[in-house]
Amino acid sequence: MLTAAPSIVCPHATRPQAGRRRAKAYAGAATTYKKATWNSDRKPNQIGVDDMTLLTELSDAAINANLSKRFHKAEIYTYIGHVLISVNPFRDLGIYTDQSAYYRMKSYSDNQCVIISGESGAGKTEAAKKIMQYIAHVSGGSDSTSIQHVKDMVLATNPLLESFGNAKTLKNTNSSRFGKYLEIYFNARSEPVGAHITNYLLEKSRVTMQIQNERNFHIFYQICKSACDAYREFGISGPECYTYTSASNCLTVDGIDDAAEYADVLRAMQIIGITQQEQSDIHRLMAAILWLGNIEYAVNPDGNGEDAMLATSASQDALNSVAYLLQVDAGQLHNVLLHRVIVTPKPGGAFERFQSPLNVAQAQGVRDALAKGVYARLFDWIVERVNVAMKPTEPVAKSIGILDIYGFELFDKNSFEQLCMCNEMLQSAFINLTIKTEQEDYVAEGIQWTPIEFFDNRIVCELIEEKRPTPGVFAIMNDACARVHADPEKADQTLQSDLNRITHSRFFAQTGTFTIRHYAGDVTYTVSGMSEKNRDANNKDLLELIKTSKHALLLRLFPEDVDRENRQRPPTASDKIKQSAGDLFNTLMQCQPNYIRCIKPNQNRSPREFDDGMCLHQVKYLGLLQNVKVRRAGFASRQTFERFLERFYMLSSKTCYAGECTWNGPSSRGAGLILEHTGIPKEQWQLGKSKVFIKSPETLFKLEAMRDHYWHKMALRIQRAWHKYQERRNKCARIIQQAYRDYKGLNIYVQMRDYGHQVLKQKKERRRFSLVSMRRYLGDYLDVAGAGGAFLRTAAELSPDELIIFSARAQAVVFRFLRSSKLSPRMIVMTDKHFAMVVSKAENNQVVQRIDRKYPLRQIKGITLTPFQDDFVHLSVEADEDVLLACPFKTELVTYLVHQLKVPVQFSPDLVYTNKKEAKSHKVKSHKDDTSVLPGAWAFKKDKITVNSGAPATSVSNPPCKRKSRPAGHRAGTPTAAAVKPKPKPSPASSTATAVNAVKPKPMPAVSGTATTPAKFGGVPAMAATAAVASQPTSATITPSGSQSNLSGSNENLSSGNAARPTPPKRPAAPPRPVPAKPMYKLLYAFQGQDAGELSVEAGEQVEVVTKQDGGWWMAKNAQGKEGWVPESYLELIQAPVRPPPPPRPVARNTTPSPNPGAAANGQAQPVAAAAPVAAPLAAGADAGIPEWKRQLLAKLEQQKQQQAGGGGAPVPAARPAMPRR
């Protein structure tokens, strides 16, 4: 049973050589990032100063002038120590923010935070997005799918949260109406593994009310303009159809494409992992909020004069739409929007419930509370959903936080939303960490220091949030809401009267308003409506209504239970602001802060306008002058001794050896040694009680540069050692690879050979010499795919894309009419598509190749072999003439055919040759005869194959022999440019050919187009011996007869003919004879060489014959010493003086068998010595020991030569021997 074929079926199968094309790879332009670096050397073309601690004049005007100069040259980033000043360019400059936070996190393993502050429109949100993009691109881990997914999700949060949390205001078209603190988590390799978002202070009042020329949140306009048809069933129309989106008369914004941003939102939802059902639920709730705004109220004439009712039927339709979208009962919704349930205690601890109608203002408040509550809860759910998707996937080692919160705003009418206590808190944190704490640290450490005066805005924060001893604004507001909770107007009046009692240097109360002097300027707030906005309580009637809903997402948004008996006051909006701000402040204090102070250059959003007055005001209230003074008079860096020693221990030989810290003394002493050994001037650093203080940023960066240089030198040392190791390792690897390639190269052919033996296993006898060792299957023996195979490709009509699998010389059985069949030489070529046979013919005195037969490979339907050791292969061709041929590489040919076509292989002593077109068939019989055929040989005559007995079919080949050592510079398989003189001793292949095809071919007759005469005693015709010459690309010596001249020899080019001859005994050494004169030959005709290795000669020229070969071509050497092949029939022996004939030599025993009549009858030739042409009849006694048949043949050859010489005209040379392919 056959086993599976080897994985590499045809290792030699190649395509014809063709020109190679080289494709250029164009790599996409990689995004580059501008790294923020400090350089103490001023560049000649530097614009202003990039670090304002280097300003020659310290004033607000000088700072503002420096910022203006750099802004007009597109330099928007300026530094004050480690504080970044960013001026909004209102355009994309193609640069990114500094990398100090990420660098410090990697270097010092600290949790970092970036605090971005500035007024609305100063570019805080854009700065935050640039930081996120920078971290995502430089943090590494791009080869990890999970890490790349985290990066994608971090960047996807921007369009999603901006759509739900940003809106167009009078000062900014993309103003953040919520605070966002994004923490990006990193693993120990500084790769992002997760993130978390905390949102603060969503301006949910914008859902129901906007001032003129402002807009609601972006998401409402995006949905109204671009929602797909599937969401239109929720009643979504254009933004002009809804009160909540059209009341401010601003539906479109220049520079904002709502449709494109809506597509980004949907794409971000997919990245985050929000399902299609969840997206549908979000659109359903958004539609319900829009329809709530279309419910209008009027005074009910049937009531007590103040009761509310639905104003029109359109309001009723809107209410029904809201009930459908929220999946609640329309009647219950109508009751909740127009009534409220009041619960009063009864004696005994019971409670009594009764309904009270709402007036128009109260009904509008309930309606708006439902809309704001649903939107705020939906926004919180989206943030929570994002956090679930960005949950860390592995342990967190450190983090970077980015704070983006809406900035300071000042309008004509300011209300609760502009009470920007959070910005006041951030300013207090900035002052506390950059100025106040720094000065206190200098005093505690005993550092020489000149105090800097600054304004501490902590008193403003206490004015707003303090409870005791003096109540602040929020405390008074909560008290007013608690005392007067039914009527908003009365609550505002109570608030106004309570605020009038505040006495504070930064607070002023007027009628209906009050003014607070913030760090950024004075802001006047309107009291009206502030109490209602502060109350921010979810109506319990609304909560009970929502509990009856069948909307799954809506129920998840309101998970709390309704407790009517709970009399505790719910937290107000101011309470939530204080709580959120306190949590944010505590989070920031746990990180190492990095500050970005954003400045808005103008109100017109112009990229080239710099309003000096407006920017100077921002410079003043941001306290940049005080920050410059502190940084200039103070120290740029403060580190503990232990931390400094851990960071820079390698800069001193007393603290480090070979990259290891060796210091065991006090850390303060070690830090001092490092600073002394680095050569830093003493005025640039000081040692405190527990810290090292470094004055200028340049000094710190020089220390970092020296540290990097040290590790660079260590890396070079390691690299040199590694390169030496790699060099030795690669050398050993190359030796191993060469040995493995040699084994693998042979193993592939061995696999194919073993597969072929399995095809014939136990079914066909083996030749004895094929068992000696293993032979490689080369396949393309005629080098059809090589440079010299163009003529065969053209003759076989092969296309350039066909793979050459097998090619060799063979003999095809040709059936003749009324005559016995004969063997005719052919060249067979097998590709992945066709099987072709090429024949050599004489046309116009030239030997040309023409296609004989060509079949598509798929038409071969069967293979038949004899069970004996002959070379015959029968191919059954569908709907065409069968092929019967004798090929010395039959096993290899059958192997390729079986593997390519999966056709069956049959074994029979009778080969039936059928011509399907003519409906004729012939039978070729085979039999064994050990008496008439030499061992390992076969004979074909009269449709009969006679073959000697071979080795048993179960025989196994011996393992391969060891490769013999070859001289240096010799490479097998390299063809030579000129012919090389063959060795005197014939090769085994030629010996086999002599043993099998005993009859030597006659020269080509001088008649064009006529067939050659068969041998007298049968066997291979003359044409077969002439054309049966193979070109071996692996042979370095050119043999004209070819390695395939044994067309009836073994499959391994071995023969048993010579092995059967006993070695004659050595004769005793004879005295040296005089060197005889070399025979010379004269050219009868001129011959012009056409192929490499042929010798061009003129008529009458004398040459010396170096080698005589069967087939009509002899190796000759002219007078100049040049050798080459010339036709034998063109040469005439120059007669030498006749000598007396020598005495006859005794014939060796068993060397030359006598003619066997049985062999002649069977058509098998006997092995004889090579016959040389004679110039005269044999002298008497000179033919002693020569067989009779050879004497007759020599006489006939001499007669033909005399006829040609007498008849005139150049005879047609025999077929040229195949030259070696390059």
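Cβ from N, Cα, C; glycine included.
Small disclaimer: the values here were computed from a predicted structure and weren't measured.
Annotation source TrEMBL lists domain 'Myosin motor' at 47-708. Across the residues of the domain 'Myosin motor' (47-708), the predicted structure has a mean pLDDT of 83.
The ATP binding site annotation in TrEMBL covers Gly118, Glu119, Ser120, Gly121, Ala122, Gly123, Lys124, Thr125.
Residues annotated as region 'Actin-binding' in TrEMBL: 581-603. Residues 67, 71, 82-88, 90, 97, 100-101, 104, 108, 110-124, 127, 171, 179, 181, 198, 200, 399, 401, 403, 407, 421-422, 425, 429-430, 433-434, 465, 609-611, 614-615, 618-619, 622, 624 of the same chain lie 6+ residues outside the region 'Actin-binding' (581-603) yet bring a C-beta within less than 8 angstroms of a C-beta in it.
The domain 'TH1' annotation in TrEMBL covers 766-958.
Annotation comment: TrEMBL describes 949-958 as compositional bias 'Polar residues'.
Residues or ranges marked as region 'Disordered' in TrEMBL: 949-997 (among others).
Annotation source TrEMBL lists compositional bias 'Low complexity' at 988-997 (among others).
Annotated compositional bias 'Low complexity' per TrEMBL: 1035-1061 (among others), in sequence order.
Residues or ranges marked as region 'Disordered' in TrEMBL: 1035-1076 (among others).
Feature annotation from TrEMBL assigns compositional bias 'Pro residues' to 1062-1076.
What TrEMBL records for 1076-1136 is domain 'SH3'.
According to TrEMBL, the region 'Disordered' annotation covers 1138-1171 (among others).
For 1157-1171 (among others), the entry in TrEMBL reads compositional bias 'Low complexity'.
Here TrEMBL flags 1193-1204 (among others) as compositional bias 'Low complexity'.
Residues annotated as region 'Disordered' in TrEMBL: 1193-1222 (among others).
Annotation comment: TrEMBL describes 1211-1222 (among others) as compositional bias 'Low complexity'.
Within its own chain, the compositional bias 'Polar residues' (949-958) has Cβ neighbours under 8 Å at 757, 760-768, 770-774, 867-869, 928, 930, 935-936, counting only residues six or more beyond its boundaries.
Under the DSSP three-state reduction, Lys124 (ATP binding site) is assigned to helix. All protein chains shown were included, and the count of other CB atoms within 10 Å of the CB of Gly121 (ATP binding site) stands at 24. The DSSP secondary structure for Glu119 (ATP binding site) is strand. Least crowded of the binding-site residues (Gly118, Ser120, Lys124, Thr125), judged by neighbouring Cβ atoms within 10 Å of its own Cβ: Ser120. Counting residues of the compositional bias 'Polar residues' (949-958) by DSSP class, helix then strand then coil, yields 0 helix, 1 strand, 9 coil. If you draw a 10 Å sphere around the CB of Glu119 (ATP binding site), it holds 25 other CB atoms from the protein chains shown. Using a 10 Å Cβ-Cβ cutoff, Ala122 (ATP binding site) registers 25 neighbours.
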